[in-house]
Every structure is written in C-alpha cells, then in structure tokens.
Amino acid sequence: MGNNTEQEEEFLLNHSQNSTKGGLKTIPFIIVNESCERLASFGLQPNMIIYITKFYNMNAASASVLINLWSAISNVLSILGAFISDSYIGRFRAVAIGTISSLIGMLVLWLTTIFPQLRPLPCGQHQHDCNGTTAPQLAAILCSFGLISIGAGFVRPCSIALGADQLENKENLDNERLIDSYFNWFYASVGVSIVLAVTVIVYIQDHFGWQVGFGVPALLMVLSVSVFLIGSPHYIKAKPEGSLFTGLFQVAVAAFRKRHINVQLNYNDDCYYRTPESKLLEPSTDFRCLNRACIIEDPHMELKPDGKASDPWSLCSVEQVKIMKCFLTVLPMWSTGIMLLVSFSQPLSIYQLLTVDRHITHQFEIPAGSFGTITVLSLTIWIAFYDRALVPLLSRYTGLPTGISPFSRMGTGLFLGIVATALSALTETIRRNKAVNAGFEDDPNAVLNMSSMWFVPQLALYGVAEALNAVGQIEFIYSLFPKTMSSFAAALYTFGLALANLINSLLVSMVDGITSARGNTSWLATNINRGHLDYYCWLMTFLCVINFLYFLAVCRFTDQHHHDGRSCLFPEAEEEHSVNKRFHGA
C-alpha cells in the first residue's frame with residue numbers, strides 16, 4: 001500500500017510517468033517569468049508622471065491622461081491577448097512574444113534616460129519658454145509604452161493558464177488539489193511582486209536616479225526572458241482550441257442573419273439546435289431576439305451528417321445563446337463598479353505626497369510612489385479578516401455561506417468608496433490651505449508641516465472598498481455562469497479597469513480644459529497649490545453618489561434574474577458555485 005501511494009504521488013506531481021514534459025518542474029520557470037514582468041512594469045507606473053512632466057515638458061493633466069491611456073491600452077490588450085492565444089497562437093507563444101515585447105519596451109524607455117537626444121531640452125535652457133517635444137522624441141516614449149502594453153497584454157492573461165496546462169492531467173482526477181495549490185502560489189507571487197514594485201523599485205528611482213531606476217526593470221525583464229526560454233523544452237505547449245469570446249460574437253451574428261424569423265411563434269424542441277450533451281431543451285424567454293440564433297430553418301443545409309452545425313456563424317447551440325444572455329444580464333451590474341475604479345485614480349496624488357512630510361524616522365523617508373502599498377495591504381488584510389472572522393459570524397445570522405449576499409458586498413464597497421473620495425477632498429482642502437497660509441502658493445516644491453499620515457485613512461478605505469466590491473462582483477458573476485465560463489469574471493474585471501482608465505482620461509481632459517478657459521488656473525494645474533484638486537475630488541464624490549443610486553436601480557432590475565446569489569439561468573451553476581469560489585478565490 002505504501003509503495004502504491006508513493007507511485008500515485010509521483011505520477012501526480014510529474015503529470016505522467018511516461019511523459020518528460022509538464023509537471024511541477026516547469027512551474028518555477030513560469031512563476032519567475034510572471035513575477036519579474038509584474039515587478040518591472042508595476043515599478044514603472046508610480047513615478048512615471050514625474051518623469052514625463054520633468055523630462056518631456058508636459059503639464060500634469062496631460063501626463064495624467066497619457067498614463068491613464070497607457071494603462072487602458074494594457075488592460076484592453078489583455079483581453080485581445082487571451083483571444084489571440086486561445087484562438088490562434090497558443091499560450092506558450094503568447095507568453096514568449098509578450099515577454100520579449102516588454103523587454104524591448106523597457107530597453108527603449110531606459111535609453112531615453114541615457115541619450116539626451118531622445119528628450120526635449122529642459123525648460124529655461126537656451127530660451128525662456130519650454131521646448132516642445134519633437135516627433136522622434138515623442139515616438140520613442142510612446143513606442144516604449146506600446147511595447148510594454150503589448151507585453152502585458154500577452155503575458156498576464158496567458159501565463160497563469162500556461163502553468164495550469166503543465167499540471168492538467170485528465171487521467172488522474174485527484175490532480176485538482178495540485179492545480180488549486182498552484183493558483184494560490186501564483187497569486188501570492190503576484191501580490192509580493194506588486195508590493196516590491198511600489199516599494200523597492202520606487203525607492204531605487206528616488207535615490208539612485210532614472211537611469212538606474214529604469215535600468216533595474218529592464219534587467220528584470222532580461223531575467224524573465226532568460227528563465228522562461230530555459231524552461232521551454234520542458235513545457236507542455238497546448239494547441240489553440242478557440243476562445244469563448246468567439247461564441248458570443250457568433251450568437252450576435254447568427255441572430256442578425258436570421259432577423260427575419262418571428263420569435264413570437266411557438267417552436268417545438270426539435271427546432272432548436274443542441275449539442276449532444278446538452279441538458280437544455282429550449283432557450284429562455286428573456287432577450288428573446290437572440291433565440292433566432294439557435295433556430296434550425298433548414299436541417300439539410302444547416303446541419304452536417306453528424307448533427308453538428310455547418311456554419312457556427314449562422315447556427316448556434318442553445319447553450320451558446322444562454323451564455324450570451326448571462327453575459328447581457330451581468331453587464332449592468334458589472335458597469336456599477338467602474339466608477340469606483342475611476343475614483344481610485346486621483347490624477348495628481350503623487351504631487352500631494354511630495355509636498356508633505358513623509359519621514360518615519362529622521363533618516364528614513366517613504367517614497368511618494370510607495371503609498372499605493374497601503375491600499376494593497378488594506379485590501380489583503382480585509383479579505384483575510386472577512387474570510388476567517390466575519391464570514392463565520394455573519395453566516396449564523398444570514399444563512400449565506402459567504403456571510404452576506406454579493407449585492408450587499410458590492411453596495412458596501414461602493415458606499416465606502418464615496419466616503420474615501422470625500423475624505424480625499426477634505427484632506428486636500430486642509431493641505432492646500434496650509435500651503436497658502438504658509439506662503440507657498442507659488443512654490444509647489446515646498447514641504448509643509450503636515451504629516452503624510454493624513455493620507456493613510458483614505459488609501460486604506462479604498463483598499464477595503466475595492467475588496468468588497470470586486471470580490472462581491474466576481475462572486476455574483478460566478479454564481480450566474482457555468483464553470484466553463486468562470487474566466488469571464490477576470491476578463492470583465494480587466495476590461496472594467498480599461499474603461500476606468502479611459503473615463504479618467506476623459507474627465508481629466510474635460511476638467512482641465514473647462515477650468516483653464518479664459519486664462520484661469522486649472523483645477524489640475526501642475527502647481528497644485530494654485531490649482532484646486534480638492535474641487536476635482538468633490539466632483540468625483542458627486543459622481544460616485546450618482547453611481548451608487550444607479551447601482552440601487554440595477555439591483556432591482558437584476559433581482560428578478562438572481563436570488564440570494566443563486567443562478568436561475570444555469571441549473572448546474574448552483575452546484576458548481578462552491579467549487580468555483582474555492583478554485584478562483586485566490
């Protein structure tokens with residue numbers, strides 16, 4: 001018995017006794033690759049607005065718009081990267097292309113610190129006005145941003161799935177515990193990488209300059225590429241099988257092509273196209289116009305001899321139509337969380353922190369770009385506290401295994417986001433008044449007699465708000481979709497981040513343009529002592545309140561499809577719900 005157990009464990013850990021590829025031996029290569037990419041790219045973001053405004057002569061508002069667009073493109077490309085990987089090139093090639101692209105992008109960015117020709121002359125040198133950025137100089141910085149975004153778009157959605165491919169073993173169903181452990185370690189490594197990025201990398205930039213500060217991320221990407229390629233001979237390189245996103249487009253196209261069909265007529269079950277393993281006999285009555293996509297008009301033309309659809313863009317299964325309806329049901333609730341993400345991104349927050357006392361001791365000063373760690377830590381601590389302490393307590397009173405319903409978690413997160421945004425407005429009002437009273441209205445570099453700890457409560461509240469809203473939203477999506485569609489939650493969240501960045505860019509551009517009209521000082525002026533960032537924060541608070549009212553309206557609409565976190569669209573989703581939660585909870 002003991003020998004059999006040892007053999008089974010060895011079989012489990014190495015994917016197959018007869019296989020030299022895959023297994024645990026490949027996981028360190030994949031985790032190191034992802035960790036280095038996160039550490040390098042996230043280490044660039046906190047101080048990037050300072051680099052752009054200082055060396056490319058942009059005002060703070062324009063630099064904020066550029067950085068938000070950069071983040072938006074990176075998040076959108078994550079969805080595109082997952083689609084291309086699943087449909088065409090496979091995960092291994094996607095991660096390889098992404099890693100090399102990020103390396104080249106960071107090398108280009110590092111070169112802008114080495115060669116002065118890649119940057120405009122600083123303000124005040126050789127002429128009174130600031131020198132404009134030439135087309136080649138702008139192309140260099142934008143090229144680096146673009147290559148880094150392409151890299152993130154391929155690596156982040158595909159790296160975790162590539163690791164799961166190495167442990168996938170259909171011959172041994174007990175393999176699930178190993179994959180679950182892998183997910184936990186993978187997300188733990190990502191969290192550690194982000195914390196190190198906004199502390200160590202930012203500290204290096206502040207104390208050793210931009211050449212070293214941008215050179216270290218470039219070296220990390222060299223390590224990332226090297227480690228990933230060294231492990232290449234040992235990887236299982238699964239072939240692309242098609243993306244679930246394709247199915248959504250197919251339903252929309254097929255329904256449009258068959259728009260002449262009258263869906264009000266009563267069709268029998270044989271008129272609907274179903275896969276052999278289907279448990280659904282006919283589509284539901286909600287979003288009835290989509291039912292056209294699964295109606296068989298001419299069996300001889302639309303079905304092959306084996307019963308499969310001849311053209312998936314003209315005939316879809318009942319399951320595909322159901323998934324599309326789930327997607328449309330989720331969209332309104334998903335959209336309520338976008339404004340919370342927008343409120344996190346205060347455009348000039350790093351300038352606020354540069355004007356206050358950030359010393360912990362006389363010798364040690366916290367870098368301004370490292371304060372984002374507070375939000376990450378509060379999010380992590382809250383999730384652990386809620387899961388281990390509050391859930392068992394709340395479950396006794398609510399009867400729900402998750403403590404409170406996903407709706408309650410999302411709503412509480414949105415409310416705390418309003419409080420955090422209002423608190424940020426009050427803090428900025430106090431900071432600006434101190435600057436004006438001290439006579440620093442024309443000196444944005446002056447350090448006030450004000451502790452940076454004033455900013456800790458709002459940053460911590462943002463972390464708790466994000467934990468409640470994002471996890472509640474993912475919980476809600478998982479409870480609606482079947483297990484095969486669980487990856488949609490992460491994809492939707494990523495797309496939400498992209499939209500939040502775009503909305504933030506639009507708001508910043510509009511506010512800067514309107515408030516600086518007729519020669520007035522912009523609310524978002526680079527000299528924040530003359531601007532009114534506090535007014536902008538109050539505007540964001542008002543928009544968050546409107547969004548909260550929108551959330552309440554969506555709750556009433558969604559409640560007819562969703563009760564107590566259970567699905568009424570897919571019967572099997574309720575059975576898989578607890579498995580999904582554990583599998584993706586990390």
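Cβ atoms are placed via backbone N, Cα and C, with glycine included.
Unlike curated entries, TrEMBL annotations are predicted automatically.
Taken from TrEMBL as is:
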TRANSMEM  65-84  transmembrane segment
TRANSMEM  96-118  transmembrane segment
TRANSMEM  138-164  transmembrane segment
TRANSMEM  185-204  transmembrane segment
TRANSMEM  210-230  transmembrane segment
TRANSMEM  326-346  transmembrane segment
TRANSMEM  366-386  transmembrane segment
TRANSMEM  407-426  transmembrane segment
TRANSMEM  459-478  transmembrane segment
TRANSMEM  490-515  transmembrane segment
TRANSMEM  535-557  transmembrane segment
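Taking every recorded stretch in 210-230, 366-386, 459-478 and counting its Cβ pairs under 8 Å to the transmembrane segment (185-204), the highest total belongs to 366-386.
Segment contact is absent for the transmembrane segment (459-478) and the transmembrane segment (535-557), given fewer than three CB pairs below 8 angstroms at sequence separation of 6 or more. By number of Cβ pairs under 8 Å, the transmembrane segment (65-84) is matched best by 490-515 from the list 96-118, 326-346, 366-386, 407-426, 490-515.
With respect to Cβ pairs under 8 Å, the transmembrane segment (535-557) is most closely packed against 407-426, considering the stretches 96-118, 366-386, 407-426.
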